[in-house]
Structures are given as C-alpha cells and as structure tokens.
Amino acid sequence: RLQESRQRLSVCSKLCYAVGGAPYQITGCVLGFFLQIYLLDVAQVDAFYASIILFVGRVWDAITDPMVGFFISKTSWTRFGRLMPWIMFSTPFAIISYFLIWFVPDISTGQVMWYLVFYCAFQTLVTCFHVPYSALTMFISREQSERDSATAYRMTVEVLGTVLGTAIQGQIVGKVDTPCIESPFFFGLTNSSVAMEELNMTHDTESLTDTRNAYMIAAGVIGGLYILCAFILVLGVKEKRESSELQSDEPVSFFQGLKLVMNHGPYIKLIAGFLFTSLAFMLLEGNFALFCTYTLGFRNEFQNILLAIMLSATLTIPFWQWFLTRFGKKTAVYVGISSAIPFLIAVVLVDSNLIITYMVAVIAGISVAAAFLLPWSMLPDVIDDFKLQHPSSHGHEAIFFSFYVFFTKFTAGVSLGISTLSLDFAGYQTRGCSQPGQVNFTLKMLVSAVPVGLILLSLVLFKLYPINEEKRRKNKKALQDLREESNSSSESDNTELASIV
C-alpha cells in the first residue's frame, strides 16, 4: 500500500499535465473548423489551390510524427527529462508560424506558397510539442489507474481547449460581417460577367480588411494561451524515467522497435479502427462551417453551433470516463461512436431549422467526447500488452503514439484535400452569398453519408480488437509481478555487491 501511495499522482500534477494538451487541441480545432473557409472566402485562394494547401499541410503533418518519434528515441536524458526539452524549444517558433498562417500577405504572386510554407512549418513545430507530450503519459506513473485518471483529466482539458478555440476564433471573427457576392444568375445570364465585376467593385476591401484583422487578433489570443499552457506543463510535471522502464531493460534500436511495434496485432487493430473514426469526424470538422453557412443558411450562427458541439463534448467527458470504467472500453467504443450516426443523418434530412440544428449539435457533441477520450485511454493498454510480450525491449512509447497520429493525419489529409477538390469540381463560388445545388449536395455527402459509412466500418474493425477488460486486468497483474521481480532481483544484486565490498 505504501508503494502504491508513492506512485499516486496529486491532483495538481494531473491538472498541470492535462493543461499541456490544450495547445494542440485549441490550434487544431481552429485550423480544422476555420482554415478552409478562411482560405476560400477571406484570403480568396482558389478552391483548387486551397485543396493543395490543406492536403500537403496535413500529409506533411503526418510525416513529421514518425520523424519526431525517431529523433525523440535518439534523444539523451537531461536534467529536464528526455521529452520536456522538445516541448520547451518548439513553443516560441510554433507561435510565430501560427500567427503568420492567419496573415494575408500583400503580394500578387506567391500567396499559395506563403500559406503552404507556414502551415507546414506550424504542423512540424506543433508535432515537436505533441508527440513528446503524448508519450509523457507513460513517464508520469507506473500505475495504470493513475495513467487512466491523468488521461481523463487530459481529455477534459483538451475538449475544453476545443471549446476555447471555437469560442475565441468564432466569437472574434463572428462579430465582423464578411462581405459576400450574390450569384450573377440573379442579374441575367447575358451580362453575368459584367454584373460580377460591378459587384466586386462595389464591395470595397474595408469590410474584408476588418475580417482579416479579426483573424489575426484571434491568432494572437490563441498564441498567448499556447505559451501559458506550455509554461504550466513544464513547471508542474516531472518526467520520471523509472515510470516506464524495467530495471532489466536493454535498449533496442528505433527500426527494430518499429518492426516490433508494427507486428503487434492489438496495436494494428486499434489504430485501424480509430483511423476510420477519426476520418469521419475530421471530414465533419473540415466541412461543417461551410455546411452551416451555405447548405443550412446559418451564415451568422455557424460559430455558435460549433461552440454548442464542443461545449457538449466537454461536459460529457466525465460521463464517458465513468462509462468505460463501469462497462469497459470496448463497450464504450461501440456505444459512444455509434451514437453519432442518427444525428449525422438527421442534420441533412430535417429541413433547415435553427432550434433543431442546435439540438442535434448538442447531442452529437456526446459522441465527439467519446471519440476524443477513447483512443488515448486505450493506447496505454496496448503498450502494456506489448511490454509483456517483449519485456527486454523499452523506449518505444513515442513510436506507438507518433505512428497512431501519423496514420490518422495522413488519411485525414487525403480526405480533406479530396473534399475541398470535390467542392471545386462542384462549382464552389468564392465569397458567394449562396452556392449552386451541386455544392450543397456535395456538402451533405461530406458531413453525413461519408462519415456514417466510415463509422460503420470502424465498428467492424473494433470487433477484432482483442484487449477486453479481462485481458486488461490480467496484463496489469502480470506487469506488476514482472516489475516486482525485476526490482527484487536488482535489490539482491546490490546486497550481494555490498557484502563483497
């Protein structure tokens, strides 16, 4: 009991650890919800080039995860730890690149390259923050229950971070009326080009300039929150080397470790299931602002609808933590993720009604909470299972976390690029007050039919995931016995050495 009490984390430590997850979620939520509509309607980037920016940025973001995981595995331990220096040194440069994403350069050519460079730069730097932070889960305590508890704190703060990001960005930008241009078809087909030219002349740039300034103000506020959260994490959390390693461990090379990790069946089945789940929610995230603005016609309400989703998700994280403790993590996956399906269908079948849309948003947030919490709660179980099968191999935590993020980000980049490109093919009108019927139909497919299909596929894959509650309890007991055996062996060696001396 004394040993277990020493392993317990204080509430303050858990809170400081949890706060460190907010920067990634705040910036990721803002980029996911607002970057597409910003590029199309504020920076006025052509839809084809916007799809290239989003696709390349997401794919590059995915590639950097295993790269950073590799370099972390080669990093020596310092007095701050092995992971903390990455978090400290990447933060200031990430803030600068994030701010420049939301700046519209006064250049006639090279605008696409501007956004591509700084978007990729920020994704690289935020990866240098988030991969070591994710791996830090295994270095704060040996106790599985303490890691699960800290993960629940983290998920609550992370979802709260998405609420903050949505609220800050949405409310600051939403107060400014972004000018739109009526469809030229209202003026007759014969002089549509002349009508469009006249409309472009009459909509002066002052109002659009106000919108651009609002985006930069929001970026400044979010950058300040990023720095504050990183500061609290570094000061409030101690990275414990002994929490992850057995005393008998021998180091294994990165590529040997990668081969071992990728041959671990439970890990492959888990990331395959969450791969399609994250794809579904990222498609919804990336296109929901456009869907609310054009298909539902809630141009001045979409930021509040997004806020309702994120706030509902934040409030239901404790419920899902209780649910997975009471009924098991696999059951929580089935119930939590599948609960989104009827509401994704309802949002496109029900006629445009603001009250019904808010109701659907609040209930859909419950499923979003489950999708946030469960992957990070289940990955440590897979790592524990791996350690039992490979007790002489250690230091691969960053590989597990970074390659999970790699697969989800890579496929999300492909899907987001394709979805934006499909809007271009459907005839998306930049700064249009309304969109053609083909665009509205495409948006309905992107936020309803495709995500529902991906969720159903993920549920089939989760059926193959072998670590249930009984297996998890056995692994916990076996790992505890292995550590006690390792510690007792080390103590006997030290006693024998002392007697010889």
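Note that Cβ sites are derived from N, Cα and C of the backbone, with glycine treated the same way.
Unlike curated entries, TrEMBL annotations are predicted automatically.
Among the ranges 158-181, 398-421, the stretch that TrEMBL annotates as transmembrane segment is 398-421.
Between the transmembrane segment (15-35) and the transmembrane segment (441-465), fewer than three CB pairs separated by 6 or more residues in sequence fall under 8 Å, so the two stretches do not touch. Between the transmembrane segment (267-284) and the stretches 83-104, 116-140, 304-324, 331-349, 441-465, Cβ pairs under 8 Å are most numerous for 441-465. Contact between the transmembrane segment (355-377) and the transmembrane segment (83-104) is not supported: fewer than 3 Cβ pairs lie under 8 Å, counting only residues 6 or more apart in sequence. Counting Cβ pairs under 8 Å to the transmembrane segment (116-140), the top-ranked stretch among 214-237, 304-324, 398-421, 441-465 is 398-421.
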